[in-house]
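As recorded in TrEMBL, the features of this protein are as follows:
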- 69-96: coiled coil (COILED)
- 1-13: compositional bias 'Polar residues' (COMPBIAS)
- 22-31: compositional bias 'Polar residues' (COMPBIAS)
- 32-47: compositional bias 'Basic and acidic residues' (COMPBIAS)
- 1-50: region 'Disordered' (REGION)
- 152-194: repeat 'WD' (REPEAT)
- 195-226: repeat 'WD' (REPEAT)
- 278-319: repeat 'WD' (REPEAT)
- 320-361: repeat 'WD' (REPEAT)
- 364-404: repeat 'WD' (REPEAT)
C-alpha cells in the first residue's frame, strides 16, 4: 500500500514542521522580549506628565493587548500551515471528499473563510477595549459651526454656574467656589462687578426677568438678592479663532490651565451687602431661581427641601418636602407658575403653584443615579440629566416613560435648552460639551484642544439666543467661562 505509507510519511513531516515552526516562534518571541526589555525599562524611566499609577496601568493594558495579538498571530500561522499541509496531501493523493474532488479553488475558499472568521474574532475582541482610545483621536466634524469666541478668566476657584441677563444691558454672570459671583462684559471679556456678600461657595446665579437684580445661592445656607448697575465698555475686535479649529484634540494637564493667580477682577466695583437675604435652610443652598414675574423665588438645598419665598418681604411662603436625599437643582417655567426640583434620590419632582390652594406634585422616576438637573422647554416638556450618563425628555402630560433618551459616555451636569431652536447643551464630567436635539439626535461637540475648550469638568451651560455674537456659554472647574458662537443654520444643515 504505497499510497497509505506516503500519506503517513507526509503527515509526520507536516507535524514535525509545525512543531519546529512553533518552537522557532517561541524562541523568536523570547529573544524579542529580551531585546525590547531594555528600551521598555528606559521608556518607563523617561519623564512623563502622566501620573505613575496611570502610566503603569496603561503599560500593563498595552502589554496585555500585545500578548493577545501575539497569540492570535501564532494561531493564524498554525492554521495557515495546516491548510497548506492539507492542500499538499490532497493534491498528492487525489482523494475525494463527499464524492467530489477538492479543487485548489475550494481550498482557497475555505482558507479565506477561516481568515475571515479570525478577522471577525479580532474585531469583536478589541472593538470595545479600543473604541475609547480611537474615538479620542477622531476629528470632530462640527468645528466649523462651533467656534470659541471669548474666554472669561478671573475667578480663583472652579465655576459652578453661568447665566445670561434677561434685560439690557445683557451681561454674563458666573458663580464660583471662591465665594464670589462676577458679572462680565460679553463682548470684551472684562469683569464688571464682583459680589462678595457670601461666606461660602456660590453655587448658582440667576437674573431677574425684568430688573437689574441677581439671585445667588451659597454653601453658607442662604440665598441673596442683590442689585447691580453696569456700564458696558466699548467692544474690541474679536480675534479669529477659526485658524486653530482644525487641530487634533489633545489631553491637557493641570499645568495648561490659565494662570489666574493675579486677581484680574480686583479693579472692578465690588458689592458686599445683599438687598435681601433668604434664610430658612439648614444645609447648603445648591440652586435658586425666579418664578415667572419675579415676585417670588425658589431655592433648593441639601437639607432635602425646596423653599418658596416672597422676594419683597423675604418671608418663607412654602417649604416643599418629599425628596429622600439632597437636592441638586431647581428650575422654574418661563411662563407658568411651575417648579421642577432634582435630587440625589434618582428622581425629580414637578410642583404646581398655578392654583394657590393646591400645590400638586408629580414624581418622575426614570433615572438610576443622581438627577443633576431638570429644566423646562417649550410647551409641556422637561429635560432631565443624570449621573447615570443619560438625558431624558419628558412630556408632562404623560410621566410614565420618556419620549426620548440620550445615552452618553460620561456623567451629565447642569443642562440647558435653547428654547427657540430646541437644542440641548450637555456639559460632562469628562470635559466635553455635546449638543443634541429634542429627539435625541447628536448635532455637534464643542471643540476641545490644547488651545481652546475646558481642561477640567464642565459644570454648566447657558444659551443666549438673541445675542448677536455668542450663543452658548459654558463654565467649568478650570476656573474659566467660555463663550461659543454656534452657527445654528449650519448645525441643522449638518444634521
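Glycine residues also receive a Cβ, built from the backbone N, Cα and C atoms like all the rest.
For the repeat 'WD' (195-226), the residues of the chain that approach it from at least six positions outside its boundaries are 157, 160-167, 173-183, 270-279, 281-290, 292-294, 297, 299-301, 309, 311, judged by C-beta separation under 8 angstroms. Here the repeat 'WD' (320-361) has Cβ contacts under 8 Å with residues 283, 286-292, 298-308, 367-376, 382, 384, 386, 388, 396, 399, 414, 419 of the same chain, all six or more residues outside its ends. Residue counts for the repeat 'WD' (364-404) by DSSP state, with H, G and I taken as helix and E and B as strand, are 0 helix, 21 strand, 20 coil.
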